[in-house]
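> One structure follows; several queries about it will come next.
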Amino acid sequence: MSSADNRRNVRAGYRNGGATVEGLIQNVDFSHPSLNDSLEGEIQAFLINEDQLHTYDDLTKVNPVTPTTVLKCLQARYSVKVFYTHAGCTLVALNPFQPVPDLYSLDVMKEYHYASQPQEFKPHIFIVAEEAYRNVQGQLEPVNQSLVVSGESGAGKTWTSRCLMKYYATVAASSSVMKSQDTVERIERRVLDSNPIMEAFGNACTLRNNNSSRFGKYIQLQLDRCQLLVGASVQTYLLEKTRVTCQPANERNFHIFYQMMKGATDQQRKEWMMSQDQCFAWLPNSEKTVEEDCFDETVEAMVHLGIHAERQQQIFRILAGILQLGNVSFSSSTDESQTCHLSEQSEDFLQRAAELLCVPAEELQTCLRVRTLKAGKQNVLKPCSQAECSVRRDCLAKLIYAQLFEWIVTFINNSICADKSTWCNFIGVLDVYGFECFQINNLEQLCINYANEKLQQHFVAHYLRAQQEEYVSEGLQWSFVKYQDNQSCLDLIEGSPISVFSLLNEESRLNRASDAKMFRVRLEKELSDNGNISWDKFSKVPHFTVAHYAGRVNYQIEGMVEKNKDPVPAELINLFEKSDNPLLQEIFADKKTENPTNRGLSKVTVVSKFKNSLENLMKILHTTTPHYTRCIKPNPDCKPLTFKKEEVIMQLEACGIVETIHISAAGFPIRIPFQSFMKRYGLIAKYSKLRSQCVDLEADNNDALQQEVKKLLGVALHHLSSDRHSSLVHCGKTKVFLTQAMLDLLEDQRKKILSRCAFSIQCCWLRYQRRRRHTHRQSATLIQAAVRSWLVRKKVRRWNRAAGVIQNKWKKWRTLLKSLAEAELDDAKDVVEEDVPVLNPVVRERGSVQLSTIPEPVPVRGWPMGLALASAPSITVSLTATGFQKMMSAMASLNLPSRRGQYKVTTNQYTEELASIRAQPKGSVKLHCQRSPLLYADRHPDLKSDVRGFNEILLEKTL
Ligand SMILES: Nc1ncnc2c1ncn2[C@@H]1O[C@H](COP(=O)(O)OP(=O)(O)OP(=O)(O)O)[C@@H](O)[C@H]1O
């Protein structure tokens, strides 16, 4: 390692004790005075280029890395309205406290999403989002990702979480061409719509932030195999329910109450029994309007999520009931055996509350004023004191609100959560309340600060400690960077067997009223060994002070044990379980099954519940790849573009940003086990042009694997100058350590190879398709030819059959004609002389055969009788035939069978004068054949055969 590097790491080893910038610089403790002087000189030299400071996108490039240089860079960037800066593995986000046009637009999202190297773009929260998204795509273990957003109250955590959710709802859904647009829109919209609802019910205006989250949340965005957003689930942590009944000075209750007050229509006011001018004790500072007071938006989001109008009505009636309950006050009774009095006005409020909550007013009044004690098997009723009545009223309101909040979260989850079979990976976004230190801090602040300690510990353990320990164990040359470990603070709060939480739980489980002073003494006795707890000996108020990683906080002991017990009177649960409001019924039925006080089981205290839920969260975080975003609040008054150095340096100091930068600058943030490395990047060697460096991808023992990895890295780096790139990668004993730049390089090469492979596959596929198409075409032609020939054969066979039928018929016809002709000849034997005239039929047209006489008169030896009759003139012969009769007689005389519709015979014989029956007949006979339905019926019969007699004359044809 170079001497400059050494110096750098030595510098990183100091801890800062002071809070001011100057103090921090002065507190730098180097063993060698000359080192100190040179550092001072370097800082001055660095800061001299003031107009260059804003150009440092990544604080790891700052040299030297000290709180001052880091602070100055951030300040310079803030002054030119650049709000994001990389600090190694962490992204620092400065709150602008004013909307920044086009910083989060759709186009910007797309720009980061489609960039081949988003890291080369300006630092942005979308880089963190995209990196996590690409990690899921890359499937490098651990595949699931967590985006941890931390910072103090008002620093911008909720804003950042919202940006992240919007980003995923856009990029993880926009490419979903295959899915029904409807489903996609519904899911992403629902996920986003869960925000306004949860913020309305869980956020409040505090002194530090107008939209302060009063609960913690971990949102799991569920992605399917194609990395598309298919659902989400929300896990919430410790809602600050005391705010419902008790709001710190100058702060407000939860937003939803003000939204109702300000946004209700007259009709709704009537239904909720809240007139325009009514004041509510639990709604202080209602004249203050904040951006979040938008009732319509909340209702719209409810509609989108599927909370129908009737349900909404039930919810708002419950909230209105809580507000009325807050106006009920009790006055003490002189006689302890008597219940407390209610003023006339309070009775009215109680009546309205009962009506809105759909319970009998009488019973509600009794529940609030009378306690039921168990004495053996008997119930003893004991009137409550004025203070107890108020506590019971507050307890009821908090209980209803907390249960309602839980119901809403469950509803949201049911509405947006995808079936487990449909998603395989997730990206979690963690937004917990920021570190809090007020004038008076109690159990809520202890829990909130404990959660922040846990997250800080996760960061320290995951990044600052584990990373450095791993470098050493993997044989990397590494000078340890010291960091502030908050383990001892966590031991103080949650450790076993003795800690603040364990003592609190012990005290809470005792069946007696707790004494704050006695508890303080106990704490001091048991925990004084831990350096993170202290007491102000002169303070009269029982308290203890904890030195958190982010600062010292005084906790008031009074009321802490009671809050930890969080008792719920069973009478109240029993009463509300019977409420006519179906929603109240539902949430109280659930409460009854979980409330152990009803079953006499050991009590589950607030801190033990919270500790368990945080431990579960930590388990999830440990199984995912974390990405840290540190939100910084540049000034305490939330003023736009105002940078207060003291305020910022405290926050940078608290989250250990300087140590993080040091470790990131010198270290290798990416660590991949050999096996996984070979699996992912083995193809670089396999498909490389350097065939000589053949890598064995199947190597299974660690040393062999290490050799193969080295070869592979050699291949990957062969065209790059080794001096430059040897610092980007280190091959450890079981893992490869990489910088982000090296990872990008490898990914780039891998992508190129994959795209070459894809190109080859596409070519093969196209060739194969072409060949297949050709074969298909040939086969089709063959099949078509076969089918055509089969059809033709079939047709020919049909024709042949038809021809056979026709021939048959024709033969029959000829036989018939012949027989007729013979019969005719027989009939005419007696009268017919020699020299029979021959008539030549002439075919005139298809379907009609005209028999025309030859020009010369043909001698007929004798007239058939019918013909004679048909030819007889009507005046001379008494046996006259006309029209049809004539034709029939002609046919009969010619012995033609009568077939209706097939032919018709006409003759002009009768137009000739019949001189004698023996005279030779003259004229023509026509035989009209009608068109036959038979195929080939227009074929002329074979006329060559001999037909004799008169009929022969009629039918014979001269061609
Ligand atoms: N990137 C940003 N651009 C513009 N304004 C911002 C940005 N980040 C935060 N703000 C402003 O700062 C206010 C406080 O931010 P936010 O509510 O996210 O703080 P928080 O860290 O979640 O606080 P708490 O812990 O109290 O919930 C926001 O209401 C918003 O007005």
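Quick reminder: no glycine exception, Cβ is built from N, Cα and C everywhere.
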> Of the residue ranges 131-153, 614-636, 706-728, 936-958, which one carries the region 'Actin-binding' annotation in TrEMBL?
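Spelled out, TrEMBL records region 'Actin-binding' over residues 614-636, not the other listed ranges.
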> Do any residues at least six apart in sequence from Glu152 (ATP binding site), in the same chain, have a Cβ closer than 8 Å to its Cβ, and if so which, in order?
Arg208, Gly434, Phe435, Glu436, Ala550, Lys633, Gln651
> For the region 'Actin-binding' (614-636), jot down how many residues DSSP puts in helix, in strand and in coil.
9 helix, 8 strand, 6 coil
> Looking only at Ser153, Thr158, the binding-site residues on record, which one has the least crowded Cβ, with the fewest other Cβ atoms within 10 Å?
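If we count Cβ atoms within 10 Å for the binding-site residues Ser153, Thr158, the smallest count is at Ser153.
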> Return the residues near Ala155 (ATP binding site), defined as same-chain residues 6+ apart in sequence whose C-beta is under 8 angstroms from its C-beta, sorted by sequence, else 'none'.
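Expected: Ala93, Asn95, Gly434, Cys631, Ile632, Lys633, Gln651.
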> Within 10 Å of the Cβ of Gly156 (ATP binding site), how many other Cβ atoms are there?
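Around the Cβ of Gly156 (ATP binding site), 26 other Cβ atoms lie within 10 Å.
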> Which chain neighbours of the ATP site, leaving out Gly151, Glu152, Ser153, Gly154, Ala155, Gly156, Lys157, Thr158, have a Cβ atom within 8 Å of the mean position of the site's Cβ atoms?
Asn95, Asn209, Gly434, Cys631, Lys633
> Give me the mean pLDDT over the domain 'Myosin motor' (54-751), rounded to a whole number.
86
> In DSSP terms, helix, strand or coil for Thr158 (ATP binding site)?
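Where Thr158 (ATP binding site) sits, the three-state DSSP reduction gives helix.
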